[in-house]
Amino acid sequence: MNPYAKLTFSLSLVLGTTITISSNHWMMAWTGLEINTLAIIPLISKHHHPRAIEAAIKYFLTQAAASTLLLFSSTINAWHTGQWDITQLSHPTASLLLTTAIAMKLGLVPFHFWFPEVLQGSPLTTAMLLSTVMKFPPITILLLTSHSLNPTLLTTMAIASAALGGWMGLNQTQIRKILAFSSISHLGWMTIILIYNPKLTLLTFYLYCFMTAAIFLTLNTTKSLKLSTMMTSWTKTPTLNASFMLTLLSLAGLPPLTGFLPKWLIIQELSKQEMTPAATIIAILSLLGLFFYLRLAYYSTITLPPNPTNHMKQWYVNKPANTLIATLITLSTLLLPMSPMVLASI
């Protein structure tokens, strides 16, 4: 892709995200979401491969439907209340339509079908953007309207997302699909606590972004797309692979790593809100995710390929250290001891 075109699309992504997260008016929020959608589509389809084109079309159709629902929701609310302010969402039908639209934007169950397919057809760097940056504007809209949403509906969707993300990830061999189902599962954790403690949703999202970005950038460095190629990647970058294993375990939520912090705080908050059954169910469902994260960690650092001659020879090259990956891996693994400072900052 032409570097000027790539720069234009990247700046459009920044512009669209900024417009949505800083707007109070429904039309401006919708405009930002549309700019984001149009900017990411060329990045998805930049490899002119049938799978990439298919992913771009699926993404466009889903996001267009979600944007239409969001516009419809805001119009109904304005019609009944005379308000175009995002925080003044008070009509029940408008709230239901908005929940549906944002669930489609994010890939929450039962509107998740597009997300693994689109991620599988995208390059690793674009898949990273789809899993992190592109989820920020919809989550911001959810935060602004959290007081108007239906708690029962959100809790049901959250538990279903955690369950499906865990179950569907078990049988995958493509790493991008595993990370897509991991994203759906994490969205369940963010959604279940949204109404009771929106700041905790934001903290969970930030930490999830650090961990997922570290994983995608590591995979991009080692050029690993399947579990079979991951088995030979340790010969190229052994230190990076060891750090990769720690990041995966952090994403699974194992103490004493960073990923344990949001899960611990969410379960604590749900218990305070007398939602112990929901906390118990979602904690048990996270064990499904733990299984496939452990499998990824096992493949990346412990297992040797059964027949190395099937794979292209991986020469060990002393590459210069990537500061961004190092910083993200550090944040993804070592923030738990600093949790009082993290909590004080939100």
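Any Cβ shown, glycine's included, is placed from N, Cα and C.
Since this is a predicted model, take the numbers as computed values, not measurements.
Of the given residue ranges 126-144, 240-258, TrEMBL assigns the label transmembrane segment to 240-258. Remark: the transmembrane segment (321-343) makes no contact with the transmembrane segment (152-171), by the rule of 3 or more CB pairs under 8 A.
Put simply, of 96-115, 152-171, 202-219, the stretch with the most CB pairs closer than 8 A to the transmembrane segment (240-258) is 202-219.
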